[in-house]
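Asker: Structure in structure tokens, see below.
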């Protein structure tokens, strides 16, 4: 039996990794809310020479344009460089976007920064759920999905409170500081992602079975002879071999998993219309 002394294994490892990875969704929530307090601030409005509704709307909404572009490509990127690598790239891109926004000197540069951060958001909000589902056993998957979405809500709540406290600053840092906070959190996620275990499914998919089995064993308590770990490895391996050679595209997804896709998409759409995301729009405008 492999010694587990001095390192996290089992449920502590599973939940520690999941909570940390949820920073990726936290950043999405933060960016959804941070502009709501900034665009009404007197120093922001003075710096941008009282921007009109079109300019304000563009600064707020253009993040989602960037996010859409990379969200479409994130699955393929994750297959090429791994879930961990995609998480790192998303956090790094997001941080760069935060730097551009913080030190902007005008409307055009702010738009550029928002688009860059959107690129990071698209990668993170797509790869984090994939990563969490692939490291978690079936009996923990639902709880970890809740952890993930809770990160989004906490990120939004943190952003509006941070906006509020920064509103008492009597200079341009009243709006630059909330934007700079993106850089701090993004840098923490980028650095920490290098220490996360890779998705065992992705490792097995690229024929690194031994490395994949080691991570599965750690997630089951650290014993490579654990029956549950061995069964999970075999299940993943069989599924990978079954899918190998089959095309991977959105078109295939609609053919094989049409009902699941429609259910997932409709759930997200109604959530946007009826819950927190819908309220975000009201508060921004």
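Note that Cβ sites are derived from N, Cα and C of the backbone, with glycine treated the same way.
Remember, predicted model here, so these are calculated numbers, not experimental data.
Okay, these came from TrEMBL:
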| type | residues | note |
| --- | --- | --- |
| TRANSMEM | 12-30 | transmembrane segment |
| DOMAIN | 17-285 | domain 'Major facilitator superfamily (MFS) profile' |
| TRANSMEM | 53-73 | transmembrane segment |
| TRANSMEM | 85-103 | transmembrane segment |
| TRANSMEM | 109-131 | transmembrane segment |
| TRANSMEM | 143-162 | transmembrane segment |
| TRANSMEM | 174-196 | transmembrane segment |
Asker: Grab the same-chain neighbours of the transmembrane segment (143-162) for me: Cβ-Cβ under 8 Å, and only residues 6 or more beyond its ends, written as numbers and ranges.
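Answerer: Apart from its flanks, the transmembrane segment (143-162) reaches 14-15, 18-19, 21-34, 36-37, 128-129, 132-133, 136, 178, 181, 276, 280, 283.
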Asker: For the domain 'Major facilitator superfamily (MFS) profile' (17-285), what's the mean pLDDT in this predicted model?
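Answerer: That region's mean pLDDT is 89.
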Asker: Are there residues at least 6 beyond the ends of the transmembrane segment (53-73) whose Cβ is under 8 Å from a Cβ of it, and what are they?
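Answerer: Sequence-remote neighbours of the transmembrane segment (53-73) are 28, 31, 35, 39, 90, 107, 110-111, 114-123, 125-126, 284-285.
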